[in-house]
Every structure is written in structure tokens, then in C-alpha cells.
Amino acid sequence: MHNTSDTVPLISVEAIHKSFPGVKALVNARFDLRPGEVHALMGENGAGKSTLMKIMTGIYQPDAGEIHVGGQKVSLSDPRTAQALGISIIHQELFLMNHLTAAQNIYIGREPRKGFGMFVDEARMRADTAALFARMKVDLDPDVEVGTLTVARQQLVEIAKALSFNSRILIMDEPTSAINDKEVEHLFAIINDLKAHGVGIIYITHKMDEVKRIADRVTVMRDGQYIDTLPAVTTDMSKIISLMVGRELADATRATGQGGDVVLDVKNLNSGRAIRDVSFSLRKGEILGFAGLMGAGRTEVARAIFGADPIDSGEISIHGVTQAIRSPQDAVRLGLAYLSEDRKHYGLVTSMTVGDNVTMASWPRFTRSRFFMNDARMREAANDYVQKLRIKTPSVDQETRLLSGGNQQKIVISKWLLRDCDILIFDEPTRGIDIGAKAEIYKLLQSLADQGKAIIVISSELPEVLRLSHRILVMCEGRITGELMGRDATQESIMILATQR
Amino acid sequence: MTDLTLDQAGKTKSALVSTSTLQKGVAFVVLIALLVFFSVFTENFAAWNNVVNIMQATAVNGVLGVAVTFVIISGGIDLAVGTMMTLTAVMAGIILTNLGMPLPLGILGAMASGAVMGAISGTAVAKLKIPPFIATLGMMQIARGLALVFSGTRPIYFNDTPNYGLISPESSLALLIPGLEIPNGVMIMFIVAIIASIILNRTLFGRYIFALGSNEEAARLSGVNVDFWKILTYALSGLICGIAGLIISSRLNSAQPALGLGYELDAIAAVVIGGTSLSGGRGTILGTIIGAFIMSVLTNGLRIMGVQEEWKIVVTGVIIIVAVFVDIMLRRRA
Ligand SMILES: Nc1ncnc2c1ncn2[C@@H]1O[C@H](COP(=O)(O)OP(=O)(O)OP(=O)(O)O)[C@@H](O)[C@H]1O
Ligand SMILES: [Mg+2]
């Protein structure tokens, strides 16, 4: 059934070049998509995947190159043109309007009308949205204000929006980066259904297992260049990885280590329905994993400890001393760091430079007499981390919003490493990060623990929790439902606890 | 993957800088064009006398513009700058004329009262979470009312403080370089602008102002004491209003308690023409000063050309819209 090479591709792009100031994002890139296939696009952070997709949807104009849709040469001068040609996209970064409802977001700009086109047909819009959600098997209210939803649910709205166009070409840029396993299953079911109807899907992801499961072909990009296209099922994962990375990766070994003194002790933490009677302790040199399904309350616990949200009751001691942490500022002063799961809203000031962001939590340290900024020293420190974490940016003076998603995440991590806190809470630290960088971040976390830092890692990827944690706490519906030693834990044992009520 | 990092770094930086410098550049070109236009088509525009007039007229709006630039970059707005200016002038009048205290105390009093009023606005915004527009709208009325109450609704003259004219209309520069009679008020505006520029671009405080205006939540989660820096921003704005209050009352040799309303809109217009984003996180002091000059050159030039007073207001409105439009176009292209 993959014998479709003789049919006309739905879309093909060739010899695409695209430069931004200081960055050659695409150099001779190419890609093609056949009817009824899932074509995965893989590559490291900053390889140019999102840029290529933005060219295929009319958001960016290529500097050079040709685009054919259904065998016809076209020029995609704006997103509307692309939409009219049957191309739609689920963006990596969410582009939703927070104050509008889910239904309003999905049908923005093409609202169904009534009364001679004078009024929006709210009832139909709502019904259509409900139908979309039903098809995706998600339990969402079309009338809910999008801003009140978690990142995961927002991503579902974004997916629904893309589906609503009924396009022949559907691009998914890391659609599963925030949603849970069950939701991923539903998405895959929809993808299979679309395939059967001849829709072509371009699927960008950093997750190998997803590629194996749903992709027909894989195209690998590196440094803006086309590298190769391979059949997904028969090609070895390691082959794809080495094409992506262009170098050998460190071996995956499980973390080992045991803690020293207790540095953080949380007793009977409560906050509304999100956190119920949570108690645990964290030791020096330990990596404590927090596993659980999306919405289990892990982020809420982290934010409460960090003073970002108020708590109802509970006691937090740091280095044996009970502390009242009322704001993130208190927390940072006590040596706590929190790396948020939602980098764009909570982690970065995207209009400021890479250097500014890396040093942001430590600005007072980069001053002369606590008044004048010492930009030279700031740049130097930032440069150090750009190299250490291999952040792909033309310089530390680049505006952060111009970096690829994964590289932005590395900046947030750098910020807290530079701050030199001794209790680090990482909430989904590798979301959207490529395989190579992931391995580096794992190595980094392990070495931080070896240096005596105490680390909490919240992650929805079980292999990640298993790989990193010395000890694992599992949460479900706001409670801690169990504790496992890293050595003995398995995906199954975690899942059992994660679904225990 | 790191090979593109170094060689192009320099190029990128210049490309980035150019968006904001471009906007300043546009404002600057507009200013020059206006100057040339009026010099060619009117007789008296370029006369030294008139140039001094223009500078005088710019001083107050320029200083107020600087005050409000800080607040706008931090993501807020300050509608109270005009009436706070008036209140600080009245305070100077009370201290110098009514209480007969020495000049330095009057200067200090004006600046300190401005800073306190600003800190109150800032506290309302930061601690009570009142939207800046509302909080400073309230402060605008409070300051206006207090100015009238404290002065007994009558102007306070500075006849007993002979040196008061030193603040604005007189020119100390002319004593050093005869002929170069730039009024002190104008020199004060330039000094305020230079110091403000340094604070904004070179200090920790300035960096926090940009961070607040760009993403306050991210700054908070980085452990930044957001409330403190916000209050400080409004207090600084108030303090600079105090300087404006001194300049205007020195020029009029009196504190006019009924004055002040409407000055905030001119100041905001200067900021916007100068390319500072009303949504925060982006802007420059130099742009604001150029913006203030554009407004006074326009007013002055049109007056000399004999254009009806009311039409000048219309033209100023058009300039604001055009300036922002050009800014948006430039940013889209970049
Ligand atoms: N508007 C822009 N201005 C300047 N540089 C840009 C812009 N958009 C992307 N880039 C740069 O182009 C390169 C490719 O970025 P792109 O977002 O396509 O990467 P990606 O493959 O999607 O990475 P990720 O997996 O991290 O999402 C990066 O180096 C990025 O910094
Ligand atoms: Mg991307």
C-alpha cells in the first residue's frame, strides 16, 4: 500500500532556501507528501523543520525554491492562499486567542452566518465544534474560554482547529508535546482515519516511537539541509538518530545515586482540589522523579512550593528550617529554582536577547555596584552556556523569540543553572527537545546531582522518569499514590499507581 | 551545528539594532524635513529667537515624555503626569513663596512630592492590582484637585525667589559661550534625557523595566521582585514630573494650579511618535525627545505660516497616526 510513488504528490517543495538575519535556516531543503501517507520530518532543534512548514503554509516566503501543489507550481503568498489550496497546520507554538471560547477560536475568520450573513450562527458553530471534539473523543466544552485551559487542552483545541478545515494536506508540528498518552491514542486513530481518506500528513516530532508507529516515510534534516528520506518501519532507529545528529550519542544508562541530608521537606501540603495532603522529602544529591498523568497535580505542587501560587495549608522546610515562601522571590532567595512547563508564558521574555534571558534570574550579580549592568560579563556567562548546552543561535544578542522551540527550552534551563540554586525543580525539562540535546540534558542533571544539588524532575514521559530518577513519586488527582525506587520501577508499576484513585 | 554561530554574529546584531534605530531614524528624518520645510517656506522660522521659542516649548513636554516613557516601557501607562507636574509646581510655590524657605528646598520638595505621588500610583498598580489606566486616571484627578486645594485656586508667584528664573528661562550657557542662549530649562531636558537613557539601558533597574513590559510573569517566576520595581518605575516617573513642574513654573514665574490637564496626552503622543510601543517592552528616550521636538516644531511652524490654531491640533493627530503606521510597516518588513 506504500506503492504510491507513481501518483502525483499532494505537495512537493524543492531547492528551498531561506535566510534570517544571521541564520541560514534552510539550505536546499526539499520535501514531498503523497496522498494517504504519514510522512515524518525529523531533525535536531533548529534544523529548520518549523521554518520549512511555515513556507509550505504561506507564513514565510522562501528566498529561492519551488512549491508544487497537486503537480501545479504555486506561490503561497499568505496563509489564506495555502488554506484555499487545502493545506492546514497545527503549530508547535500555540496561536490561540485566550479570551475567546474554544468554538470561537476554531472558527475564527470563517464563522458560520445566519440572517443574511449579518449574524454569527453561534448555535451551529458550537454544534460543529462539539462534533469535532466528539470525533477526537475529547471531553471539552465548546464554550470554555481557551485561556483557562491547560497547555494540554489548548493543544487539543489547536488540533481540532486544524481538523476543521478538512484539508488534504495536514501538517502537525510536534502535536503531542503536551498531551497525554490516551489523547495521543485518539489522535493516532484520527490520523489513521484521515489516511484512509487520502489525506496526507506531515508529522514533526522528536519521539522515535511515534514515528515507528504511525509514519510511512521519514525525512531527516540537519542544519537546514535535506539529508535523506527512508521508510519508517524498516529503518533502524539508530540509523535515523545518527543521520539527525551527525555524531555519536552517549549511552543511555540509568541514573544511580543516593541522597545525603534532607534539603527540602514538604508536609501536608494542601491547595484546593489540586493538591491534597502531599508530603515528601528531597535529599542532597538526589534526583526525585514525579510521575503521573497530565493533570495529576505535579505542576501545582511545584508552583506551590515555589511560591508562585498560594497554598491552603502545609509546611515547607528547607535545610531543616521551616520557611514561609510567599513569592517566587522568597523561593529563589532560599536557593529554589523552578523551570516552568510553559516556557513561552512563564519561562522566557521572548523579546529580550538570549543573553538577557540566560542571566535574568541572576541580573543583580552582573552589575557594577548593584546599579550598572555589566553587559560584557553577562555576555560572557551566557556564551558559556550557549556552548555548554549547544544552543543554536547566531549570538547571545539574538532576540529569543527568533530561536527554535527546543533551543528556547535550553535557555530556560541555562537560566537556572547559572543562578546556581541548590534545589532545582524541572517541569517537563525536555519538552520539544531533540534526542541529542536530551541526552546532554540528562547527563547534565546527573552531574548536577553528583555535585550535590537536589533535583525534582516532573515528566510525563515514563522512559525519562525511569532513566533519570533515583526515586520516583507517583501522583494521581492531587495525591501521592506511591513511591518507587528508581532501580525497581517499571513503566507498568508507575502506570498502576498513576491511575489509582 | 555551531558553525554558524560566530562569523555572522556581528551582522545579526546590527540587523537587530536597526529596527529600533530605523524608527528613531524615521522620526529624525521627519524632524529634519519639517525644519527644512518651515525654514524655506517661512521667513521667521529659522530666526534664533524662534529657535529658542521652540526649544522652550519642547522642554516641558520632553521631560514629561521621558517620565511616561519609563512607565510605558514597563507595560503600564501614566495619565497623571500633567497634573502631577502642576501639583509639584504648587508644592514649590508653597515652600518658596508661602513658607519662604530657600530655593534648594523648593526644588527638593517638588521632586519629592512627585516621587511620592508616583509611588502611590505604583502601589495601587502593583499591590492593589488596579489597572494602570484606572489607577493613574484616579491619580490625575487627585493631583489636579490637590493642586487647586493647596493653592486656594490662585496662582502662586515666585516674586520673592529672584533666582527662580534660573531654572528655566535664563541661560547659564550664554555666560560661558556668549551668543549661545539656550535656556536652562532646555539644558535640563537634555540632562534628564541623558540620565534617563543611562538608567534605561545601562542599569539593573532599566533592564527590569524592559523585562516587566515584555513578560511580567516570566520575570516574577525568575525571582524578580516585580512589585518593588513597578512602584519604583512610577515613582521615578513622578520625580521627573517634579522636574517638569519646576521648569514650567519657572518659565511662567508662577505655579498655575488650573494648568496641567492635557499635558499627559501630549507627552504620550511624543513617546508614541518616538517609536515606543504602547504595549510595553520596547522604546527609547531619544525617540521620545525627537517626538517632542516634532510636535513643537509643527505647532510653531504652522503658527508662523498663519495656519488657524485649530488646524494645528488636527495636524498633530495626523502625525501621531502616521508615525505609528510607519513604525508598524517597518517592523513588519524586518
Ligand atoms: N523569524 C526568524 N528570525 C531569525 N531566525 C529564525 C527565525 N525563525 C527561525 N529562525 C532560526 O532558523 C533555524 C531553524 O528554526 P526552526 O524553528 O525551523 O527549527 P526546528 O527544526 O523547528 O527546531 P525545533 O525542533 O527546536 O522546533 C533556527 O536556528 C532558528 O533560530
Ligand atoms: Mg520547530
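Including glycine, each Cβ sits where the backbone N, Cα and C put it.
TrEMBL annotations:
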TRANSMEM  B:21-42  transmembrane segment
TRANSMEM  B:54-73  transmembrane segment
TRANSMEM  B:80-99  transmembrane segment
TRANSMEM  B:133-153  transmembrane segment
TRANSMEM  B:173-200  transmembrane segment
TRANSMEM  B:231-252  transmembrane segment
TRANSMEM  B:258-278  transmembrane segment
TRANSMEM  B:285-305  transmembrane segment
TRANSMEM  B:311-330  transmembrane segment
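Sequence-distant contacts of the transmembrane segment (B:311-330) (same chain, six or more residues past either end, CB-CB distance under 8 Å): 19, 22-23, 26-27, 30, 269, 272-273, 275, 291, 294-295, 298-299, 302-303.
Between the transmembrane segment (B:54-73) and the transmembrane segment (B:133-153), fewer than three CB pairs separated by 6 or more residues in sequence fall under 8 Å, so the two stretches do not touch. Same-chain residues lying 6 or more positions outside the transmembrane segment (B:173-200) and placing a CB less than 8 Å from one of its CB atoms are 48, 52, 55-56, 58-60, 62-63, 66, 69-70, 73, 166-167, 206, 209-210, 236, 240, 243, 247, 250-251, 284-286, 288-289. By the count of Cβ pairs under 8 Å, the stretch nearest in packing to the transmembrane segment (B:133-153) among B:80-99, B:231-252, B:258-278 is B:80-99.
The listed stretches are B:21-42, B:80-99, B:231-252; of these, B:80-99 has the most Cβ pairs under 8 Å to the transmembrane segment (B:258-278). Sequence-distant contacts of the transmembrane segment (B:21-42) (same chain, six or more residues past either end, CB-CB distance under 8 Å): 273-275, 284, 286-287, 290-291, 293-294, 297-298, 300-301, 304-305, 319, 323, 326-327, 330, 334.
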